[in-house]
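Participant: One structure, pasted below without further comment.
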Amino acid sequence: MFDHAYGSYMKYAYPADELMPLSCRGRVRGLEPSRGDIDDALGKFSLTLIDTLDTLVVLNKLDEFEDAVRKVVLDVRLDNDVVVSVFETNIRVLGGLLGGHIMADMLKVQGERLQWYKDELLHLARDLGYRLLPAFNTTSGLPYPRVNLRYGVLSPNSRTGTELDTCTACAGTMILEFAALSRLTQETVFEDTARRALDVLWEKRQKGNNLVGTVINIHNGDWVRRDSGVGAGIDSYYEYLMKAYILLGDDTYLDRFNAHYVAIMKYISQPPLLLNVHMHNPTVSIRSWMDSLLAFFPGLQVLRGDLKPAIETHEMLYQVTKQHKFLPEAFTSDFAVYWAQHPLRPEFAESTYFLYKATRDPYYLHVGKSIVESLNRHARVECGFAAVQDVRTGRHEDRMDSFFLAEMFKYLYLLFTEKRDLPLDIDDYIFTTEAHLLPLSLSTTRPPCPRNATVRRPWAQQGSRGTMLHEGLAEEEEIFTRSCPSAQTLFPNNPTFPYTIRDSHKHLPSLGTERLTLFSGIELPLHDTRAEPLEILKHLGLTLIPLSDGDVHMAGAQHKHEVSPVGVFTLKFIAELVSPPSKEPPGLSPLAVQVISPPFLGRMVLTAGPAQFGMDLTKEEHGMMWKAAAARTWCLSKWREMAALMTSSSPLSSSFGRRAKPSWMPWPIIAMWKWCWVPNSSCLGKTKKRVLHLKKMPRSCRMLSKRDAFEVAGTKQSWRRPLSVPQMIAGSQYLRPRSTELA
């Protein structure tokens, strides 16, 4: 398999960055149609060849490795006017050069090969490291997501440097490669730069629960996307904290990883699922689907020594893989396809390898065999292996990413190969996120940085319930916090423990492939609506029980043999709501609502349309005085009945503010951030002048600003000016009450 993939790249694509296996030619950036951000990994530096260097050694293809090193030294140039991803270039190219150098140096020391080698790959890695450093020239120390290999970031010719944010993994997945480069070249600038970025991410975490978001502003450190999980956007940040401790021997990284891991297992892990939560409100899952990148996490849990949840999550992933032949790029919590692509990602094979290493359970050899069979049956083409565009149809995509050769074959080969057959002792190395090999001996090359110790704070009692709060670091460490997991210690005298754990997850319900018909008269398009069917039914008091013949039995959660009448009624109601709407009768074109009361006197005209609820204005020939067109102001308790238009004769029974208690309101209330227009009591009485006075609002009457309103709606707009009446009406759907009491 590897010979077919690697040979096809060298025959049809080299020196291009990647192979196009359906077209049997190389992918050269600028000559093929742009694929957006995916192409940021391509830099005209023979990406696939560099990414595959240490894989050749692991697979004992030493002749091909020596030939590949010669080609890289002679042909690869980094001074290219091309904008590349800092993250991808670091893990694939810099990591590939470092891994290739370490393998070449090892073979040279053995005295049989590469006696001509004089650290050329290390010199290339150093050159690339300095080309990536300008990306870190920000006020926070977090890197720009992209850099021009020739002009850097801020040069007029760089065509980059305007980005405002980056993903957490993009900023936090630099330390292994940069630290290795520093310790191999004795130039500390690389490790110090990567460490500073990690310091910022640690400082910007949510200190109450030790979660981080997905996207962060690189200039001020504010979180742009606050969803927290272990998949895309965050994944390798956690991985590199753990592996930085293993590689560099610095307790700082382990302390931080342990703090994050406790939060992950408390809020994100819902065995066997790993669902994203909001970093500031982690008790609620914010999406019902998972992406395939989280498949690495069981392998990381093995390094942590937490085997039970690793086995559970891996088994769930395996069941999804068996159902769809490959792991879809994203899938729902009921294991339906959410994004159907599969770009031959290796994370599931990685976790399979680590679990086999930890348990020696032959079950994982069968899992690896199924991966190999699926690749040969559904991805192998004439010129290599093609990514799957849609796992449901098996349609291919004309791409074979470099990580397929760098990671997939490395993990599969190590899974099936005996340790004595390898040309190196694999236990002396740590895998980067791209599966490049870095020697553990680097920890003795340079002592840990003394200025960066993670501060431990004493535990403190807080709250009436005695909740224990701290900086985020537990005082008592678990048994395998600083050592490799031992199955005998975790599960004494129980050689079948993996089977016992897996058995409860072997028959997970497989819903979502078609419309689910529970019984006559109720049909729910659960897959089409991307809902969470199991959770919805659970809240309705219903439980789905999979039967041996593939059918699903519905029972009440309280009484297993009786279906909840309320649940059935609710299901029928939902089925009616989600069914395609019938054609609306003609004649429901938008209408106009004219405000004739002072001070508008007909100058304000609003558009009205059909609604499901409320009074039918078309039946009122002479208009409405105040009940339909007017409501109470924002500062009153019923926020949903927001006051926009009030006539001079409209009654107002409740008081407004402490100074003024009018029985009428002659003017529309216009809202402003933290301030509210109220009638001036000095103007009331005999004259009754329509004069407004600006008065600061009480806290209980505090309203949402337009900025807050649009944040609730999920946009980034910021508004400071007062709201006009139409804006108040348009923004009413975003409002929520802060108090049930009157001001």
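Every residue, even glycine, has its Cβ placed from backbone N, Cα and C.
Bear in mind that the values here come from a model prediction, so they are computed numbers and not experimental data.
TrEMBL feature annotations, pasted as is:
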- GLU88: active site, proton donor (ACT_SITE)
- ASP235: active site (ACT_SITE)
- GLU329: active site, proton donor (ACT_SITE)
- GLU347: active site (ACT_SITE)
- THR433: Ca(2+) binding site (BINDING)
Participant: At the level of the C-alpha atoms, what whole-angstrom distance separates THR433 (Ca(2+) binding site) and GLU329 (active site, proton donor)?
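Facilitator: Given the Cα positions, THR433 (Ca(2+) binding site) is 18 Å from GLU329 (active site, proton donor).
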Participant: Fill in the CA-CA distance, GLU347 (active site) to ASP235 (active site), as an integer in Å.
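Facilitator: So the alpha carbons of GLU347 (active site) and ASP235 (active site) sit roughly 11 Å from each other.
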Participant: Might you list, by sequence position, any residue in that chain lying six or more from GLU88 (active site, proton donor) with a Cβ less than 8 Å away from its Cβ?
Facilitator: ASP40, ALA41
Participant: State which of the following recorded positions has the fewest other Cβ atoms within 10 Å around its Cβ: ASP235, GLU329, GLU347, THR433.
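Facilitator: It is GLU329 that, of the recorded positions ASP235, GLU329, GLU347, THR433, has the fewest other Cβ atoms within 10 Å.
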Participant: Measure from the CA atom of ASP235 (active site) to the CA atom of GLU329 (active site, proton donor) and give the result in Å, rounded to a whole number.
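Facilitator: Checking the Cα atoms of GLU329 (active site, proton donor) and ASP235 (active site) gives a distance of 15 Å.
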